[in-house]
């Protein structure tokens, strides 16, 4: 029978503690980033089951180099800065080998307290008295995970050997924080053979039995966390953590026990479980030493404005990220001061309004709300800021309350565009809030349901559609009952609503199907099988049904309906949908593809002969299982026997990456008004002559414009990541006129748009109490300068028929430029220290153009002329580089590239060695890394390629140069290399104009 670990009263136990954390590739000779912390740890009892733990003589060391040749560098300044916090005693409860509550003064930051939790985690033991090998779910720093114990006792040596292994992939409660992943779906099929993220830790103890318990003499811990965007055979990045504890001595009086500092007030700060802190707002790409935030914000903003005067600077995305990081650290008062000072400058104001949404907290939403209600920002600024905010701001309850209050403002209600965006965003925030929650309160969507009920009572079709779409964005399962009542099933309400409402209600079921697939599946099948319904509703039901991946029996039931169906539009749509799914070769759609193949054999080939005027569905996908990478494209073309053109067209792109799936983009168009306009003017399609047909089209649109109650010509919606962003109508009154009206004054536009396009993060604790982050960030800055001249000047109030009589001459000079930086990050990220592997992809492009367009519809000609313009040597350049970086806000950063060869030099010479590429580095560093350099050089693969093409008619020569350098053949090693690609276009010297 084994007793529990004990720390005897009146004694101080002094241990030597060391923790090593390294991020990188496991292979020796590759670059790694990490840190080492060493210290003495003293523990003594305060009273029964309560103890003090204190670090003594702590020392931090940083690592950024070639492992294992390069040495650790002492972080002396950082150690001094943290000395007071690190050496503050922490109080904890310890009963029967289990760590309980933790207490600390408020002066101890959460980051430092987590370091203490990492030490206490080593002492966490659940020893069963009567078993030597057993398994249990054990609580620890990283959560409650499956742990296997093995105990061996050596009675002669008076030692007990305990080993335990913890599997981080089988946890009842795993401590992780995901950001930016709400729009992704877990792809179970993608990870059947291998998982992208794995973690395991092993513990080894040597203990000595005592009369009243056992004493921990030594402990060593080894944790390995592995991540790969591909399957394991293609390599992986690793986060390795090692801990060691060795008992140095047991002190008894007259040695003084550990005592708290004077006037220290200890408060309950949780338990052994890791707590998230400033790492949630800290970008792992840079670590700023913030000492005067107002002046730092001022300098960064001025720098951004200055860089964007002519064209985008290639470092603008990184500078924008710095600005965002500073704003995240700023107080509301600081932000207000910055706005008050620069809101009068359009250039400065633009950067502030684009950066605010990326701050990502409820204060950002509140800022936009207050500025719009105070009428200090325009509707256009509010639209841009709100759309971005709804997708960047963390969906807390506070953030949802801000949006709910905004939706009730009268100034929002008066603006149809803003009203749509706010309610669609309202639904999006609820969806994000409920992501990965097993239960989400139905009260969150109750305000939208109440508004929908009122709209149904009033018979306001546009409001009904808006609120239905908001519920679709929210995708809350409790809204299924409300939406079902609006469908033409058994309710009187559903039968009385127009087909357009039925169609929108069917479309929003797709998001709910991700959470309630079976319920939606049976509902869709019921609607599909009702042959009395409108053909469009049945086809949409078919679309929804196959998105739920129906079983073989359900597909067979669909086939039985098609066999007896007299509506060829529905039959054609169903047949084409099933046929395109049979082409799928991916594991994701394997079961559906097999079911559809069997179904097509039962149907026969007759429906395959139907022409393109019948409704169709097309699905194309590609998936590579070893690389866990794929994409799918789907298009739906819904027609009606009584229509000239499609009733609606929907297209969608879906991506599969690293074991997850996401709906990247979806665009849908309805053509109700356009159909009606053309049906009233059948001459549009009577003539085969192109010019005559164009005249009839413009005449039809002009006549439609003057109709008193005409429908919108078209309505369009756009979805990103499954969330509807905007719903727009193209009215006949404004069709075409706004564009030409904007051109009549010969304007010059200067447009700059920065964007934190992507911030996907997974943060999890290591056993040592430091947070490990997997992150993917994309920042982009685009600018375009457009000069347009139109001749003749268009009248202030012109009709589309004016275009039939005029010679229109348009000259356009466009200078677009863009810089995009993408960072993939793996490693330790805190506000006091970062040790990460970073893979950075940089794209820079500038492509000026000058064109002339002349057209006369009455005469039937259109001329497009490209004029010569000076272009830079390279219009597009891409560079990819991976490096190990360690940084702290006190002493700066240290960077070690994984590949020392410069890809730009490879473009010049294929014989460039890794040592020659580093000639500019100091002799000392070269001396330290000669051995590693030779090791890398022996395994390095380098190549360069050049492709050129020339068009004689256009007088242009285009060239693409590619250079790569990497170690090993595994995909991860290739990605972690150094690559560059340069695209250039050289016009002929004798080229004056190019006509089309």
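Just so you know, glycine gets a Cβ as well, placed from its N, Cα and C.
Other Cβ atoms within 10 Å of the Cβ of residue 145 (disulfide bond), summed over all protein chains shown, number 23. Sequence annotations record features per position, and here TrEMBL assigns disulfide bond to 145-171 (among others).
Residues annotated as disulfide bond in TrEMBL: 187-190 (among others). Listed in sequence order, 588, 656, 659, 660, 661 are the same-chain residues at least 6 apart in sequence whose CB falls under 8 Å from the CB of residue 187 (disulfide bond).
Look at TrEMBL and you will find 7-649 tagged as domain 'Vitellogenin'.
In sequence order, 137, 142, 143, 144, 145, 146 make up the list of same-chain residues 6 or more apart from residue 171 (disulfide bond) whose Cβ falls under 8 Å from its Cβ. Residue 187 (disulfide bond) carries neither a helix nor a strand DSSP state and counts as coil. In the predicted model, the domain 'Vitellogenin' (7-649) shows an average pLDDT of 90.
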